[in-house]
Amino acid sequence: MATAASNPYSILSSTSLVHADSAGMQQGSPFRNPQKLLQSDYLQGVPSNGHPLGHHWVTSLSDGGPWSSTLATSPLDQQDVKPGREDLQLGAIIHHRSPHVAHHSPHTNHPNAWGASPAPNPSITSSGQPLNVYSQPGFTVSGMLEHGGLTPPPAAASAQSLHPVLREPPDHGELGSHHCQDHSDEETPTSDELEQFAKQFKQRRIKLGFTQADVGLALGTLYGNVFSQTTICRFEGLQLSFKNMCKLKPLLNKWLEEADSSTGSPTSIDKIAAQGRKRKKRTSIEVSVKGVLETHFLKCPKPAAQEISSLADSLQLEKEVVRVWFCNRRQKEKRMTPPGDQQPHEVYSHTVKTDTSCHDL
């Protein structure tokens, strides 16, 4: 007892080490060289999953060598062969059909737990040299294998396994266009018919006394489709697309029928047109009448109200038309004459501020 107390290292050399594993208390090998002990203990603590604490199948060393004989005869050493293509395909199918199997827990690391052939020990090469476990491509940062070493299914298989709602819908544009075309073959007019209708529509619209804005407003009030004056103008000029021309033709045709049936009697179209006319129609003056007005303008650029009334009566024009003509003529004279070359009879026009607001109505 005294000898044992005086030499505490003899206990380590005479007794064997005991490892506390999950399988039970196992007797270890006697104390050896510290360098060899570190290598063997490290290999004992690194199974196929790379976790240093999960050694379930590695037993104690039986001799004093750096590599254990039990490790050489272990199931992993016997399976030190790369899996074949059939095994990989089988593993991919198993992973594709049962994704939850791939995410196994650390307690099922035994090679025989898988249906496919077990993978070789990643920490030992064929020559018996240790490798860095954490540098292997099959390991993650935590040391666990991704999906049990099985490769993910290809992109084509994953696309086919999607729900029909999640898949990319097919292009129905061509199908829809063919369907619409087959459905409206009988009603679709030709380009010649559209051109002829546009000419007839313009002539009849002018004959009835409606403007393009009146037609657009009437279509919006009667049929619920509001069109601007620009749209009607482009239709008459054949500047719309063929599809839009086909859509607008039946509406304009209905408007023409309604306008023709209501000719000579005030109807809703006349009321709508009257509401849409926010300004008066442009008056066209004949050349002879313009000559008389021009002669009177040279004599008196700004006639009085009585002169405008008498001149309108002599020319059989409205008083407002004559007044607007003189107003526009004075504005035109200002634009044509430079500021330094004004005539004496136009000097007084700068003092009149009411004339500057005159416009052609």
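Please read every residue number as a count from 1 along the shown chain.
Every residue gets a Cβ built from N, Cα and C, even glycine.
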Quiz item: Which of these ranges is annotated DNA-binding region in Swiss-Prot: 218-277, 278-337?
Solution: 278-337
Exercise. Quick one: average pLDDT across the DNA-binding region (278-337), no decimals.
Key: 86
Practice problem: Count the residues of the DNA-binding region (278-337) that DSSP assigns to helix (H, G, I), to strand (E, B) and to coil, and report the three numbers in that order. | Solution: 42 helix, 0 strand, 18 coil
